[in-house]
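Features as listed in TrEMBL:
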- 422-515: domain 'Clp1 N-terminal' (DOMAIN)
- Glu427, Lys466, Asn535, Thr536, Gly537, Lys538, Thr539, Ser540: ATP binding site (BINDING)
- 532-659: domain 'Clp1 P-loop' (DOMAIN)
- 763-855: domain 'Clp1 C-terminal' (DOMAIN)
Amino acid sequence: MISNREIPNHSDLKPYNHAVAGHDGTLCDPDGELFIKPCVQQEIDFYQTAQESHQAFADLMPEYLGTLVLNGATDVHSIDEQLPAVADHISQHMKEEAVRMAHERAAEAKAEAAKPHDNIRWNPNKNRKIATDKSVVLENAAYGFHHPNILDAKLGQRLWADDAPMEKRKRFDEITRQTTNGSHGFRIAGMRVYKGGDNEAEWDQENYKVYNKDYGRFQVNKDNIVQEMRKFIFNEKAGIDEDLGRAIAEAFLNDLRHVEKVLAREESRMYSASLLFTFEGDGEALRAAIDQQAQIASTPTPAQNARVEKLSNGEPTLSTVRVDSGIVMDDDGEMVYGNGGIIEGDVKVLELTGSDDDDDDEDFSSLPKIYNLKLIDFAHASWVPGQGPDENSLVGVRSLINIFEELAESPTTTSSNRTITLRPLGEWRFSVSRASSITCRLLSGTAERDGTELSLNQPYTFTRTKSKILTWTGCVLEVSGDFDSESTKNYDQPDQSPFVSYFNLHFALHQRRVTAATSSSQLPGPRVMICGGANTGKTSLAKMLVALSTRMGEQPLLVNVDPRDGMLSLPGTISAAVFATVMDVEDPSGGIGVTSTPSSGPSAVPVKLPMAYYYGRQRVGDDEGLWRSLVSKLGSSVRAKFGADDSVRSAGLVVDTPSPEAGGDVKKEEEGEEGGGVKREVDRLVHVVREFAVNIVVLLQSPELQAELEKRLAGEKTAHGEDITVLPLEKSDGVAERSSDFLKADREAAIKEYFFGDSKRTLSPFTQSVGFDDVAIFKAPDALEPAEISQEMSHWTLAVMNASVNDPPETIRQAPVVGWVAIADVDEDRRRLKILSPVSGRLGNRPMVWGSWPEPYINLLG
């Protein structure tokens, strides 16, 4: 109920800062008691019909106070006429702000109406504002709290309404597939926690940790969702211990069960509606609020005494039950949990009757809030008589009930962990999706992932990867989580493992590095090229050889000339980097992903500094001339590094190469072209051999390549006069095949992590609006020329080149990459681009190149 209070001064106005999700444009008074929310007519109709015909449902919603039409003709007087019941409680300045916003939106709508509209293409709303002149006035669910913790749970496995365009349906279905909307019927759309998290540096000015929409989409999954929900409630730093947290969880649980009953009785459909959880996040204030409410509940008011006297005299009275927090303190200060919101135990339940209700309401309206749960967001909601309850929303409600049942329970010591014992040279192979995570701990022995050792008793978390844990001496692992697949491989005789030959190769390379470091000849150390067919384990072997070398105190170069997968860079590049320190064991890419490169945030392991060139296509055969040119440029950079650093020179390098299938020439071979794809592939490999002065060629289970390479390299010498050795090795039978869907998810994750970081390191990119004439964008990989900026450019990631916009096209095309930007939106009418970049500031004189790989990432900004 809206209370009487003074009209605030203009200087007291402040923005509403408790929103965790939803659209912009909300107006709020200084105390946050009510707000004006822009909405569509369908949402207004749903509020009104709920109050008129669905009272039980309306009780789940925020208190509805009326509607406003805000347009170019809106003035303060019209606001008073539209809201006579609450106009006196809305400050003059808030009304003036509403008028200003209405006039701005009317101007925007007029400009929008003048644009030619595409009735087929769906354009996502980038500025988070609703194109409407209507607003609904509600009582703020967060009003009355000292430091409210707020969580928005977006309900439903289907997020789109019946009238949604096909493109929107596909995009929202992809969100469902990637998030807990698919597994649990809801996802965390946003969250604010007072003094949340372990790092106080992440708190805002009001000591809140804010979890934005990306948190629920990319960090929360079906395996960790209960633990992530615990972060919302249990918080020792804010004074909310296990006992107090379980009391809040129990209260929410009771309300969720009531929500389930109401939704099961109603015939409605809601798409992208939310449950808004709010409770007092300051433990001291929470305990005080519980204690005050308990005192009021246990002390009869004069109005209640009058009712008792009426009842004792046999006079009729209409009684209802007061629904409050359902939480009180007992005499020992322990929590007493209610049932369905009604206080039990030794505390009396209040009865409110007739005209005396207002007196009791005043008692409770003056009390600080404890918690509330509201159903919100009805832009796509309707009543559907005869079609049954909204099972789509109920899936999420029931999942929340299960989670809060677990949160309300006392902690147990049960564990789903299990142990795996591996013999010497045994492997534990596993696959885990992007939506899941697993944990592995080394209990005894030694173990490693792609050459990087695991520490004893240190938990490692893996997600979005297909990999293995290998032991040379035998070990015991403790593992838990949701695997897509897993298996163990133990050999009766250790020498049956192909890793014996890999390890022998490592020791042979080490001896050559020692010789190069101590010799006066200044020859570089071994230069190894690894090649073979698809799914032969080339990249894993390359990482392993480099990691083992690093463990010996050496500083080898790792080179990638396969543009399909980036190495310490985004896909579409070829790159090289010195590895002088350990790789990140938990990195989904095994230590060569973009999260291992420098950023403004802290890193778990020392970062690597790559030299990258942008090819911009998926396959070598798409523009082989350019690929060869960039390989030559990269080879020149590597030779310069050898000349500048003796430690790197003596350690040599390892080159990872594309698979023959990536060249796109198999069809030519099938059609009978003489030499076909194998000869063309060998030509490319020989080019790599010459540019990097490779003296050891490792072939993984590729007989055809082996025969052709041995023929081509017979009698050939390196630039240093060395013979070239071709070394065939057996591939591991544990090499996992990666589907096209898996690879696409991997590419999208690389782009996402470049701009936003990962679960261990959150980054905050900058969005800036620039004019078409303020940037220089070149189209590639065709003949480089200035690109015509258009809507087609939206969602693409562009390479920022280490060159000047005044340089010749050939210089720009072959310049190294200094970074990346994403095109969030293109406004052709205003001739402006919205660009996402990892750092603030103008791009200046740097040209950008728009290629065809990696593909556009539609959901990068949600």
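Even glycines carry a Cβ here, placed using N, Cα and C.
Gly537 (ATP binding site) falls outside any helix or strand according to DSSP and counts as coil. In this structure, Asn535 is the one among the binding-site residues Asn535, Thr536, Thr539, Ser540 with the smallest number of other Cβ atoms inside 10 Å of its Cβ. In the three-state DSSP scheme, Lys466 (ATP binding site) falls into the strand class. Secondary structure counts, DSSP: the domain 'Clp1 P-loop' (532-659) has 47 helix, 19 strand, 62 coil.
Note on the binding-site residues Lys466, Lys538: the fewest other CB atoms within 10 A surround the CB of Lys466. Mean pLDDT of the predicted structure over the domain 'Clp1 N-terminal' (422-515): 93.
For Glu427 (ATP binding site), the same-chain residues that are 6 or more apart in sequence and have a Cβ closer than 8 Å to its Cβ are Lys468, Ile469, Leu470, Thr471, Thr488, Lys489, Ser732, Gly734. Within 10 Å of the C-beta of Gly537 (ATP binding site) there are 22 other C-beta atoms, taking all protein chains into account.
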